[in-house]
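**Student:** Sharing a structure, written as structure tokens. Questions coming.
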């Protein structure tokens, strides 16, 4: 294969900061259902590369259908890594564990003069490989020698109490996190407890590194080639509905039943099932929970209704997840602030009948340009970063008794029906109070029209200050 030979035989020349030119780290982004695995396999075969999966659920053994793993036959066509190697009962596998193993694999692939192709839908896993953004903490051990994930332990506590403790040890980070965001609050507390250094201080140090930016440290590998597969939302929604139907036809229910019998029955009998950690957070478990736990214990009609309910829920949550993935790409890749932001090349995948000319050939041309040290002829996707917008600003709405994090969210809240309803209610109360005292005073301070105007003016000022 000429392409594979070209990929391995990269000549030495001046390149990134005077270093030898390096092979690219190919990264394929995209929502579920866009064909990321297909493109990765095609590029891997043509370029002699190896595929590194970046999917937080595919690391676990089992549930091959619901986690949409590539088949055993496809894995034989091109070397795949980071699939089916964690015991399903492990609930403490983290992005740090993933990063440590995956970066070592990538460095080994580079050392063998091959191209690593990172592909998957867990975008924060991909971020951990592209940028130096994670903080490594030391796991704690119990007296029995059992390793304990402190973050998981903290998440069992009350969210407001956790946030109060974080405010005492790291007020800067606490001001950026909502008390309901228990995972992030617990993570920040874990960092402080296990290192003695506040989470915000760690982030300041990362930002101060050469190449660092507001979202973390510098690039980990010097020559990333990022491809983003995207499709028309209506087309993708239809495709995802069909994917669920195909998964059902492939044996999804039997896979869930078997896994449920082996791993989850004991937890359910003890009322300790956990759909927040490990493989049990896979899309599909929660949606079919009621169907699986009542199967054989209710009438066929009821069971069939629960099955239909689970199928519809699975389709809806899959489509919501695809939207979330695209938002992450736009916010964390396309409009990422800072100096170490590589270009992202978009590939339109709405019409699969034109895959060869619209996706595969352009992708090959882009990667080959990186291999040869040339700038691709394709134009990268760009989105402007709004420097004035603070996504972690703290706002307290006394009217609604709510904490809002982020300028955009605050502006949206001020325009929301719930806030406007509370504002209207407050105005009525103010006017009623004025009317009650009106007979006792003719002071202009008690003029209802003036109070109404001031209330409207105050709300308008809030909007102007927040938009």
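The chain as shown is numbered from 1 upward.
Every residue gets a Cβ built from N, Cα and C, even glycine.
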**Student:** Select from 199-217, 256-274, 294-312, 313-331 the stretch of residues annotated by Swiss-Prot as region 'Interaction with substrate tRNA'.
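**Tutor:** So the range that Swiss-Prot calls region 'Interaction with substrate tRNA' is 313-331.
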**Student:** Which stretch does Swiss-Prot mark as zinc finger, out of 395-425, 426-456?
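**Tutor:** The range carrying the zinc finger annotation in Swiss-Prot is 395-425.
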**Student:** Write down the single range among 43-46, 47-50, 51-54, 55-58 that appears in Swiss-Prot as region 'Interaction with substrate tRNA'.
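**Tutor:** Here Swiss-Prot associates region 'Interaction with substrate tRNA' with the stretch 55-58.
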**Student:** Could you check which of 178-182, 183-187, 188-192, 193-197 is flagged in Swiss-Prot as region 'Interaction with substrate tRNA'?
**Tutor:** 183-187
**Student:** Can you dig out which of the ranges 233-255, 348-370, 371-393 Swiss-Prot describes as region 'Interaction with isopentenylpyrophosphate transferase'?
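**Tutor:** From Swiss-Prot, the annotated region 'Interaction with isopentenylpyrophosphate transferase' range turns out to be 233-255.
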**Student:** Which are the residues of the chain, 32, 33, 34, 35, 36, 37 excluded, whose CB is within 8 A of where the CB atoms of the dimethylallyl diphosphate site average out, their centroid?
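**Tutor:** Result: 30, 31, 38, 121, 229, 349.
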**Student:** Looking only at the region 'Interaction with substrate tRNA' (183-187), what are its DSSP counts of helix, strand and coil residues?
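**Tutor:** Once the DSSP states are binned, the region 'Interaction with substrate tRNA' (183-187) shows 5 helix, 0 strand, 0 coil.
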**Student:** For the region 'Interaction with substrate tRNA' (313-331), what are the same-chain contacts with Cβ under 8 Å, counting residues 6+ beyond its ends?
**Tutor:** 29-33, 121, 123-124, 228, 230, 233, 236-237, 240-241, 243-244, 283-284, 287-288, 344, 383
**Student:** Just the number: how many Å between the Cα atoms of residue 33 (dimethylallyl diphosphate binding site) and residue 206 (site 'Interaction with substrate tRNA')?
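**Tutor:** Spelling it out, the Cα of residue 33 (dimethylallyl diphosphate binding site) and the Cα of residue 206 (site 'Interaction with substrate tRNA') are 34 Å apart.
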**Student:** Taking every protein chain shown into account, which of the binding-site residues 33, 35 has the largest tally of Cβ atoms within 10 Å of its Cβ?
**Tutor:** 33
